[in-house]
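Colleague: Just dropping this structure here.
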Amino acid sequence: MAVYELIAAADDGSTAAADPNHEAFSVVADSNEGEHLPAHRDLERGSGKSIAPLDKAEFAPLKRAPRLVSLDVFRGLTVALMIFVDNAGSYFPAINHSPWDGVTLADFVMPFFLFIVGVALAVTCKRVTNKAIATQKVILRATKLFVVGLVVQGGYFHGLYDLTYGVNILRIRWMGVLQRIAIAYLLAAICEIWLKGDQDVHSGYSLVQRHRLQLLVGLALTTIYMVLLYGLHVPDWEYQVPVPGITLRTFSVKCAVRGDTGPACNAAGMIDRRVFGIQHLHRHPAYGRIEQCSVNSPATGPLPPDAPSWCQAPFDPEGLLSSMMAIVTCLIGLQFGHVIIHFKDHKERIVQWMIASFCLLALAFSLDFYDIPNQLELVIFGVGMHMNKALYTPSYTCITAGTAGVMFTGVYVLVDIYGYRKPTLVMEWLGTHALMVYILLGCNIFPLFAQGFYLREPENNILKVIGIS
């Protein structure tokens, strides 16, 4: 799921290479000296500079500094976490996606990917010589990733036990994980290309000043999100599901409310139904596992006799409104990446990251802790907003981004400072091939391939031997 694998470098050098560390530390320009100096590894410096003797400096080749391996390792850890929760979540509901309010282990996967996309963007867009060309390339790459997401999650490839392919365009799912990453990458990249100041950075405050326009974009997105979520009126609505013996059965959902954040009557679902059409949304949302909708809650199970009418309704957890806050997560990661660019000492980087991470965590618990019944106060003060992945609430944004910051700092210390490379080689490989791994998993390529080899009858294949088919 690593977006940078689809972000190839421009041949003319208008943007940085696809590798998030390409030339990130190999040549560092000193704003006071106006010349490039070769960099070398230094455990006390993030990207130290050494000056060659004057008689050799002119002819000395520029050396590429070591990769910032922590980017790949963190991404690989996220891929491994995704694989783990996808396969173990059905057996251990406690780590599966939260049915509605609250967060579980699985709920950290998507924000971690968005966070690391932002970190990598700060490095890849460190030097942009032609903003117009860079913007064109960003749009093209985001479009490619969006299309890949349509193929992987749009319904083209069916389930593990239904090894077929093809999708009815009238029912294709337009949004998904890769589509959300593409949208967040596009907006964050445009912000990095066009909304970057030129002030010198010598402290955390000056870093904020240099990138204040990007922070204002994040604040504006959060404000718009809250106004729409709590301000839009959600009318009654209905949907249809196929029922054995009946072609379609219609269910009516009574709402006529404003500011509701439950599964049935929230503004996020209404916007997606209006924009995409209910037939293009995710057909098996996580809230089908809540106590009202499943006798085996928090696991999947039959409907209770008194189940509400909305339990089988489609809902997209990667919808339009919630994607606004996903962009904010990517922008937060972008600011963490700026620390890599502007602070060269390891200690300075760690301090900046940890301050930001703990502030995010404190804000998350503050937003989630209080429960104010007055919706006006709720919108004004922003408290009582529970952590919710499906709605991607601000408290969820802060808790996941803060956790990502702490984990990334830990990986950076272990891998890039102390050099623990061998124990993390597998994670590094997963990180550098994350998109390929995600596609193989999402498209069920392995079971499709394994089913092609059988003994006498198609049913006697490898999948039957290992107990899948």
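Including glycine, each Cβ sits where the backbone N, Cα and C put it.
TrEMBL entries are annotated by machine, without manual review.
Per TrEMBL, domain 'Heparan-alpha-glucosaminide N-acetyltransferase catalytic' is recorded for 67-190. Annotated transmembrane segment per TrEMBL: 68-85, 105-126, 138-157, 177-195, 215-233, 324-343, 350-370, 390-415, 435-454, in sequence order.
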Colleague: Ranking 68-85, 105-126, 138-157, 215-233, 350-370 by Cβ pairs under 8 Å to the transmembrane segment (324-343), which is first?
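Modeller: Comparing 68-85, 105-126, 138-157, 215-233, 350-370: 105-126 has the most Cβ pairs near the transmembrane segment (324-343).
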Colleague: Looking at the transmembrane segment (105-126) and the transmembrane segment (215-233), are there 3+ C-beta pairs under 8 A, with each pair at least 6 apart in sequence?
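Modeller: Taking Cβ pairs at least 6 residues apart, the transmembrane segment (215-233) and the transmembrane segment (105-126) are not in contact, as fewer than 3 fall under 8 Å.
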Colleague: Taking contact to mean three or more C-beta pairs under 8 angstroms, with sequence separation of 6 or more, is the transmembrane segment (68-85) in contact with the transmembrane segment (390-415)?
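Modeller: Touching, yes - the transmembrane segment (68-85) and the transmembrane segment (390-415) meet the threshold of 3 or more Cβ pairs under 8 Å.
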Colleague: Would you list the DSSP helix, strand and coil counts for the residues of the domain 'Heparan-alpha-glucosaminide N-acetyltransferase catalytic' (67-190)?
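Modeller: Final tally across the stretch: 80 helix, 4 strand, 40 coil.
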Colleague: Summarise the model's confidence over the domain 'Heparan-alpha-glucosaminide N-acetyltransferase catalytic' (67-190) as a mean pLDDT value.
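Modeller: Summing pLDDT over the domain 'Heparan-alpha-glucosaminide N-acetyltransferase catalytic' (67-190) and dividing by its length gives 89.
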